[in-house]
Amino acid sequence: MFWMFKEWFWLERFWLPPMIKWSDLEDHDGLVFVKPSHLYITIPYAFLLLIIRRVFENFVASPLAKSFGIKETFRKVTPNTVLESFFKHSTRRPLQTDIYGLAKKCNLTERQVERWFRSRRNQERPSRLKKFQEACWRFAFYLIITVAGIAFLYDKPWLYDLGEVWNGYPKQPLLPSQYWYYILEMSFYWSLLFRLGFDVKRKDFLAHIIHHLAAISLMSFSWCANYIRSGTLVMIVHDVADIWLESAKMFSYAGWTQTCNALFFIFSAIFFISRFIVFPFWILYCTLIIPMYYLEPFFSYIFLNLQLIILQVLHLYWGYYILKMLNRCIFMKDIQDVRSDDEEEEEEEEEEEEVTKGKEMDCLKNGLGAERHLIHNGQHGR
């Protein structure tokens, strides 16, 4: 059954243009062509990147964070066996009826119970140091891979003439630079996918899974069908904006608001230019329209463009979030990742509110005491 499926899966009519066989892509005369077996190496390389990332975060990102004044913070919660048991075995977000019952059981006010659960949830949230480490690692990789991508592509004719992307397709030999560009990029996305369960979890967690799987699927498919030239163009268009986003996050966690805002504006400009101008009118034009002059439509051509269109839909999704952040930056003078949970900030606001109320009560008490003292003195004078 497995061999039957394998033979069906690799039928030439699914992957290659009409009249082209897999035998036409065998290595010959010193020319090397892509092979699906090349992609197996991306999994061990992904685990190698995870090891490198751990070393980088401990010996590069952490000292850099400390130089910015970012320290590991430990949130303390008043021990309470009843509330802790409910938190672990029932729910992390109790209903109002639960809060009322727990308050009676623990001899606390409902407000105190609500704050205990909020503090307990915040205790499990990643620290600012952890967020900085993640952003610093992604920034370092995107910077390196973008510089490498530019070095790989700057002298390639298909970067300037999109017709060269399809000239001679699919009998286009694999260059060493293309091999390493693809392998490193795919290994990185595998490593991100493996770490999703341990990294900072945001509201667009599912979108990140879809994005990473779509990226890996697209790169794997383009590799197997030898869409290497168009694939490298897609990768460089995406990587060039991500550097600025991760650098903006780093300075945001460090508290450098003005620097963060400036970097985020640069990222937004590059994002919208690359995703909403370059990608649809350059990349999609290259993969959807130009091939019609060279080839008749076939299955992998349709499937490739379907994946790219899905990728463009994800661009719209993240573009929506970026616009929301820009709105906050312009009108609220603050950039905050709208994908994050705001509960911790709400708690800080409530703490400030309580302090303010406490001060007001002290003022009232002091004022009332002063009045009583005056009245008493007046009466005594009589």
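Keep in mind that glycine also has a Cβ here, set from the backbone N, Cα and C atoms.
These numbers come from a predicted model, not from an experiment.
TrEMBL lists transmembrane segment at one of the ranges 179-198, 259-278, namely 179-198.
Summarising model confidence by region, the domain 'TLC' (130-331) averages a pLDDT of 90. DSSP places the residues of the DNA-binding region (85-128) in helix, strand and coil in these numbers: 31 helix, 0 strand, 13 coil.
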